[in-house]
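Peer 1: Here you go, one structure.
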Amino acid sequence: MENGNKALSIEQMYQKKSQLEHILLRPDSYIGSVEFTKELMWVYDNSQNRMVQKEISFVPGLYKIFDEILVNAADNKQRDKSMNTIKIDIDPERNMVSVWNNGQGIPVTMHKEQKMYVPTMIFGHLLTSSNYNDDEKKVTGGRNGYGAKLCNIFSTSFTVETATREYKKSFKQTWGNNMGKASDVQIKDFNGTDYTRITFSPDLAKFKMDRLDEDIVALMSRRAYDVAASSKGVSVFLNGNKLGVRNFKDYIDLHIKNTDDDSGPPIKIVHEVANERWEVACCPSDRGFQQVSFVNSIATYKGGRHVDHVVDNLIKQLLEVLKKKNKGGINIKPFQVRNHLWVFVNCLIENPTFDSQTKENMTLQQKGFGSKCTLSEKFINNMSKSGIVESVLAWAKFKAQNDIAKTGGRKSSKIKGIPKLEDANEAGGKNSIKCTLILTEGDSAKSLAVSGLGVIGRDLYGVFPLRGKLLNVREANFKQLSENAEINNLCKIIGLQYKKKYLTEDDLKTLRYGKVMIMTDQDQDGSHIKGLLINFIHTNWPELLRLPFLEEFITPIVKATKKNEELSFYSLPEFEEWKNDTANHHTYNIKYYKGLGTSTSKEAKEYFQDMDRHRILFKYDGSVDDESIVMAFSKKHIESRKVWLTNHMDEVKRRKELGLPERYLYTKGTKSITYADFINLELVLFSNADNERSIPSLVDGLKPGQRKVMFTCFKRNDKREVKVAQLSGSVAEMSAYHHGEVSLQMTIVNLAQNFVGANNINLLEPRGQFGTRLSGGKDCASARYIFTIMSPLTRLIYHPLDDPLLDYQVDDGQKIEPLWYLPIIPMVLVNGAEGIGTGWSTKISNYNPREIMKNLRKMINGQEPSVMHPWYKNFLGRMEYVSDGRYIQTGNIQILSGNRLEISELPVGVWTQNYKENVLEPLSNGTEKVKGIISEYREYHTDTTVRFVISFAPGEFERIHAEEGGFYRVFKLTTTLSTNQMHAFDQNNCLRRFPTAIDILKEYYKLRREYYARRRDFLVGQLTAQADRLSDQARFILEKCEKKLVVENKQRKAMCDELLKRGYRPDPVKEWQRRIKMEDAEQADEEDEEEEEAAPSVSSKAKKEKEVDPEKAFKKLTDVKKFDYLLGMSMWMLTEEKKNELLKQRDTKLSELESLRKKTPEMLWLDDLDALESKLNEVEEKERAEEQGINLKTAKALKGQKSASAKGRKVKSMGGGAGAGDVFPDPDGEPVEFKITEEIIKKMAAAAKVAQAAKEPKKPKEPKEPKVKKEPKGKQIKAEPDASGDEVDEFDAMVEGGSKTSPKAKKAVVKKEPGEKKPRQKKENGGGLKQSKIDFSKAKAKKSDDDVEEVTPRAERPGRRQASKKIDYSSLFSDEEEDGGNVGSDDDGNASDDDSPKRPAKRGREDESSGGAKKKAPPKKRRAVIESDDDDIEIDEDDDDDSDFNC
C-alpha cells in the first residue's frame, strides 16, 4: 500500500477474540479508562480525620475493580441480615488488597450443570451471576455478571476464600495471569462461622502504574467509609482499625466538617430516615448543587434518577416556602433553588440500572424503584430554617440588583421606543448638561409645557408626561422595578445608571439631561408626585440631590384680576392673607386653577416667559434633608411619620388659636427651597389629606366622599328614585368633586348595601341589585341599571333642623358640604368604618343602634352607659368576649340525622360563594396533601340566607365529631375580632385613638348635647322672629282695615317714620338673621374653628359676614326695604280670609314657641330618639315581612314542584327534612356548641402579646382590661360586618377549641365584658335579631373613602394591600390584632370614594386613569407564633407598611 506499508491480510484485518481477550484489549468498555485521570473527588484525609474534596490523579479502572469486590461484600448484607462485619486491608507495599466479610458464605458444592464448584464458577468464569432472574426483586449492587471477574482478570493474583457452615466445608482457590491460570481447589471440612475473603494483587502494568500511590489509596479508603455509612448494622474495619462511622449521619458529618467556618455558625444539616429504604440529608451549599448518593451501597458520583426523585420533591416544597418569604417578587425557578442544595441520599432500589458498567449514574425510572421517598413536613420546616431559604433569597436579590443595573440608561444622542417623549434636540450631546427634562403630571400638563417650549425653545428642553404617581422604590422589589415601564423609561431618558455615583458636575455630563424639572398641579396630589420623584432619586442616587439637578415649576393656584391688573397666588394661605389685607378684594374676579389643564396656551407662554418666578430649585441642606426624605417614604419610619403628622396638626391648631396665618413655601421672592422644607410644609399636607380621606369623622361617621354624596341627596331631596349613575354626576356638580365618577358610584352603592356584614342602617335604599352576601357586594349591577333614594331613616338621623348649625365649606366660590354633619346617634358606631391612611389606620366595628340609643338615654338621664359589643344586622351566629377588646366568633352548625351536618350561618365577611370554593370544595375534592372528607354537599341558601347540608366519607363524621372542636376547626367557622384599632377625627379635625366604643360614645355625647342646646336657642330665636313678623303683619292689616294707618300718598321716609312711631319693627326675621351672623363672626374670632383645605371652612356665614360687616350692611338698607315685609304685601292680604290666616299662623308660631321654651335640649334629643326608634322598628318590620313573604312563596312553589316531581319519579334526597329547596335550617337539627377553653384564652393573649411586641417594640403597651368572668349564656350577641366588595376570604386563621352537641338550640350570646351589670334583654320590637360575629382577617373591607382618585369598575378591583392571595388554612386565629391602633399602614391607593368594606381604591389621577405604576400586591402579613405542647396559635399581624408611600 501507500508509503510502503505492507497490505494486511483478510485474516489480520478481521479478527475474532475471546471474551477474556476482548476485556483485556478494550478495558474501557468494562471497567472504564485505564489511563490516569485528574478529577475533583472526595477522599479521606487521615491527618484531618475527615473527608476532603481535592483534585486527585487516579486510574478509574483500578478504582472500579476494587469497588466491585467491596460492593459484593456489602450486598451480602441483603442476603443475610446477620452479617455485621467487613474488613478491608490495603497494602501498597505488597500491592495487595483484601476484603473480608462474615455472613452467609458462598455455597461450597458442585454445580450439577457446570460440573464445577460454585465459587470457581462465579469468580473464574465470565457471564456467571446470581442476579439474572429479573422477576426477583433484589436490592443488591450486582447485576450483569461481570463484577468480581473483572477484578480477577485485571489482577496478577486473585484468591477466593469462603466457608459455609451449611455445607460444612471451606473453599480456597487462586487465579493468576489475568484469570488465565487457576490453582487446584482446596476443600476442607469446616464447622465455624461463615465468611468470605477476596484477596487480589492488581496488575499495575495494565494501569500504567508501578505501585498503589497515595491518591488511589485515599480513594479506596473513602470507599470503606462509604460502605460503613450505607450498610446499616455493619462494622467496617480498615487495615485493622474499626471506622468511627456508625451510621449515615456520622458519614455526613465527615463532609460537613470540611465546610464549617470557625468564624461563623456551623452548617445546619437536616437529616431524616424517610422509610426503611430511603435515608436523606440536606444542607445549604455555596458551591452550586452538590450530591453524595448511594444506590445499594454503590457510590453514584454522577447522581441519577434517585437523586432527582428526592431533589425535585424537596425543591417543590421549598418553592412554596420561598413564595411566602419572597417579598422581592422575583420569579425563582427550580434550578435556582437546586443550585443552593447539598443533598445526601442513601437508598435501596430494586434491580437498579446504570448507564454503564462503571455504575456512576443510576438510570432506572422512578416507577421501578420499588419504593418512594416522602419527606415529612418536619423535614421541610427544618430545611426552611437551615439557611437555604435565606441563601436563595440573597442570591435572588443579588441577581436582581445586577439585572436592574442592566436596565439603566446611557448617554446617547437619540433614544427610541418611548412614547410621548418630546426629547430635547441637544439631549445626549455635547451640551447635554445644559438640557432640562420637564416631567409633567399627565398629558394635559404636557400640552401646557409644550406650549411653553415655543417661548424657551426645544434645543435645551424636553418634556415627558408621567402616567400618575410614581412607584415608591424605597421598598420596591425586583419584580416591581423590572416591570415598571415608567421608571425604566425615566432612566433611559435621563441616562441614569444604577450603582453609579454622581458626585460632581463632570458626572452630570455623563447624563442625557443635566437637570430635571417637575411640573405638577399645585394640589396635594401634585405634591405627592414631587415627593415620589425625589424619593426615587434619593433611593438610588442620593449624591445627585446634592448637586443642582432637581427643580420644580410652579404655577398659580388662584388668580385675581381687575381691569388690567392681574395678581397670581401660588398657595391658598398666601391668597387668604391678601384677602384679609385687601378691603376691596370682592371687586376682583377670582379664578381657581384646580390643575395645570385649567391654564390656557397663552398663560403657559406667560409662565415660561417669567421663568425666574416659576422655576424653583431644590437645594440640599445637609443630613436633615436625607432624614426627612427617608422619614416620609420609608416603611421603617411609621412611628416617625405619626409624630410628624401629629406635630403638623398641633401646629395648625396653635396658629389658629394665636390668629397666625398658615405657613407656606412659595413667597414672591422664593428662588429655592430645601428638601426638608418641602417635606415638612408641602408634602405633609398630602399625608394629612390622605388621612382625612381614609379615616372617618367621629361626629358623623362619614368620610369626605360619603359626605359629598349625602350633601347632594339632602340638597336634591328626591321624592322619586334616581339612577345611581345620574346621582354620581349630580354629586360631582353640587359638591365640587374633582375626580372621576366611578368611585362616587361605588360610594353610593356601598351606602345602600344592607346584606349581612354591610350597613346596620343603610342611608340610601337599594332599588335593584346592589350586591348580596353571596359575593360580598361584588355581584352588584352596573350603576347604569340601579336606582336609589334616601332611606326614610336618613333624615331622622341627620335631622334637617341641625343643618343651619353646620359649618359649610366653600370651594371655588361654591358652597359645598359641611365639615361634618351631626346625626342624633353616632353613626360611626352604627355602620363602623375601616380605612388605611398615612401613619394610621382604623377599624371600627358595627354596633346595635338600639343599644346605642339605650345608652344615650342613660347618659341623658345622668347614668353611666352599658358596655356594648359589636353587632351586625341579621347575623345569626354567635360571638363571645374574651379579653383585651378581643372576641371569638362562630358560625352555626347543626347535626342532622344520618351523620350529616348543616351549616346555617357563616362568619361575618365570609361570602357564601367564596366559602364554597375555598373551604367546601377542597374538603370535597381533597388537596395534594389531604384527601377529601366530604362525599357530598348540597346548597339550599338564597341571597340572604346560608344553608349547606353535608354528607361525609365513611368514618370521617365519627372521627371529626370525636375531636374537641373538630367541626368548627375543619369547616373554618370560628375566628377572632379585635376592637383595638379605633381611630377617628374628632370635631376639631384632630386624629385620635379611642380604646373602646364607650369612649367614642362619650366623646360624641358631649358635642351632640352642646348642639342640641344650640339648636334650641336657634329655634327659639327663629320662632320668636317669625311670630313677631306675623304679629306685625297681622296688626298692620287690622290697622289698615280699620283706617287707623294710612300709607297712601305719602313719601317713603314719612311712611317709615310713621311705622316706627306706631311701634312696628324693621323685619324681625332679617334682624334675627343679622344677629346670628354677628354672633357667628364674633365666635369665629374667639374660638378655635376647624381648618379647611381649599377655602375658609369656619362657618360660611361667619366668614362672609366677617368680610362684609353685617351691621353696616343692614344699616345701608333703605327704610322701605326694612319694612318690605309690611309694605310689600299684596292687596290680597287685606282680605278677611288672609287676615284670619295670618292670625292663625301667628297663634301657631306662638304655641310652638311656648312649647319649645318648655323643653330642655335633652328633651329634644329624647324626642328625636323616640321618633328614630319608632321608624326603625317600622322599617325593619316591613323588611322582615317582605323577606318572610318571599320565602313563604318560594317554599310553597318549591313544595309544589317537589310534589309534582315525586309523582312522576323518585326524588333523591339526603333525608331527614333536608328536602330540595328547603332554605330554612332543619328544626330537628342538633346544634353543635363551641366551647371556649382557658387554653384558648391563654393562647389568644400570648399570641396577641407577641404580635403587639412585633409591631411596637419600643412603645409601651396599652393597659389590659381585667379578666372577664364567665357568665351564663343567653344574652343578645353582637357581630361585626364585613361589607366588603373585594374581600379576600382569609380562612387561614381559625380558632381551635372545644365543641359538643347541646340538646337544644341555644340563642346567640355575647359573654359579659367587665363593667356590665345586667345582661341585655332582647327587645320585642325587633331589636333582637339573633346575632353573632366572625371576622375573617382582611375579608371585611369597611368603607374605604377617598376623594382623590378614580376606581376601576367593580369586576376586578386591584387590591392595594391585601391583593387576592392563596388562602392558608393552617393557623388557629384570624385576628387583626391591632392593639393600640398603631398599625400605621399608609396606603397610597387609599384615595377613592369607594366605601366598600376593605375594597381598596386604585391610585390614579382622574385624567390618566389608565396609567400609573402597577400596584404592589398586598404584602403578606407577618405571623406571631407561640409554640406550645399542643398546637401553635397564629395571629395575622398587620404589616406596618406605609402603603400611602408604597404606591
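All residue numbers here begin at 1 and follow the chain in the order shown.
The backbone N, Cα and C atoms fix where each Cβ goes, glycine too.
Okay, these came from Swiss-Prot:
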- N72, N101, 129-131, 142-149, 357-359: ATP binding site (BINDING)
- E441, D521: Mg(2+) 1 binding site (BINDING)
- D521, D523: Mg(2+) 2 binding site (BINDING)
- 695-1169: domain 'Topo IIA-type catalytic' (DOMAIN)
- R784: site 'Transition state stabilizer' (SITE)
- 972-981: region 'Interaction with DNA' (REGION)
- 1081-1094: compositional bias 'Acidic residues' (COMPBIAS)
- 1255-1281: compositional bias 'Basic and acidic residues' (COMPBIAS)
- 1283-1293: compositional bias 'Acidic residues' (COMPBIAS)
- 1310-1325: compositional bias 'Basic and acidic residues' (COMPBIAS)
- 1332-1359: compositional bias 'Basic and acidic residues' (COMPBIAS)
- T1352: phosphothreonine (MOD_RES)
- 1374-1394: compositional bias 'Acidic residues' (COMPBIAS)
- 1395-1408: compositional bias 'Basic and acidic residues' (COMPBIAS)
- 1413-1423: compositional bias 'Basic residues' (COMPBIAS)
- 1427-1447: compositional bias 'Acidic residues' (COMPBIAS)
Peer 1: Rounded to the nearest angstrom, how far is the Cα of D523 (Mg(2+) 2 binding site) from the Cα of E441 (Mg(2+) 1 binding site)?
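Peer 2: Cα-Cα distance, E441 (Mg(2+) 1 binding site) to D523 (Mg(2+) 2 binding site): 11 Å.
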Peer 1: Just name the winner among N72, S129 (the binding-site residues) by count of other CB atoms within 10 A of its CB.
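Peer 2: Buried the deepest by this measure is N72.
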Peer 1: Return the count of C-beta atoms lying within 10 angstroms of the C-beta of D523 (Mg(2+) 2 binding site), excluding that atom itself.
Peer 2: 21
Peer 1: Please identify, among the recorded positions S129, K149, T358, R784, the one with the smallest Cα-Cα distance to D523 (Mg(2+) 2 binding site).
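Peer 2: Smallest Cα separation from D523 (Mg(2+) 2 binding site) among S129, K149, T358, R784: R784.
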Peer 1: Do you know the DSSP helix, strand and coil residue counts for the region 'Interaction with DNA' (972-981)?
Peer 2: 0 helix, 6 strand, 4 coil
Peer 1: Let me know how many other Cβ atoms fall within 10 Å of the Cβ of K149 (ATP binding site).
Peer 2: 26
Peer 1: Averaged over the domain 'Topo IIA-type catalytic' (695-1169), what pLDDT does the prediction give?
Peer 2: 85
Peer 1: Restricting to the binding-site residues N72, G147, K149, which ones have a CA within 10 Å of the CA of D521 (Mg(2+) 1 binding site)?
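Peer 2: Of N72, G147, K149, within range: none.
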Peer 1: May I ask you to report the DSSP-based helix, strand or coil state of N72 (ATP binding site)?
Peer 2: helix
Peer 1: When you tally the Cβ atoms that lie within 10 Å of each candidate's Cβ, which of the binding-site residues (E441, D521) has the highest tally?
Peer 2: E441
Peer 1: Which chain-mates of T358 (ATP binding site) that are at least 6 residues away have a CB under 8 A from its CB, listed by sequence?
Peer 2: I31, G32, P60, K64
Peer 1: Check each residue in the chain of G147 (ATP binding site) that is at least six apart in sequence and keep those whose C-beta is under 8 Å from its C-beta; list them in sequence order.
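Peer 2: Once residues fewer than 6 apart are set aside, G147 (ATP binding site) is near E68, V71, N72, S129.
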Peer 1: For R784 (site 'Transition state stabilizer'), what residues in its own chain, 6 or more apart in sequence, show a Cβ-Cβ distance under 8 Å?
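Peer 2: K723, V724, A725 - these are the non-local Cβ neighbours of R784 (site 'Transition state stabilizer'), listed in sequence order.
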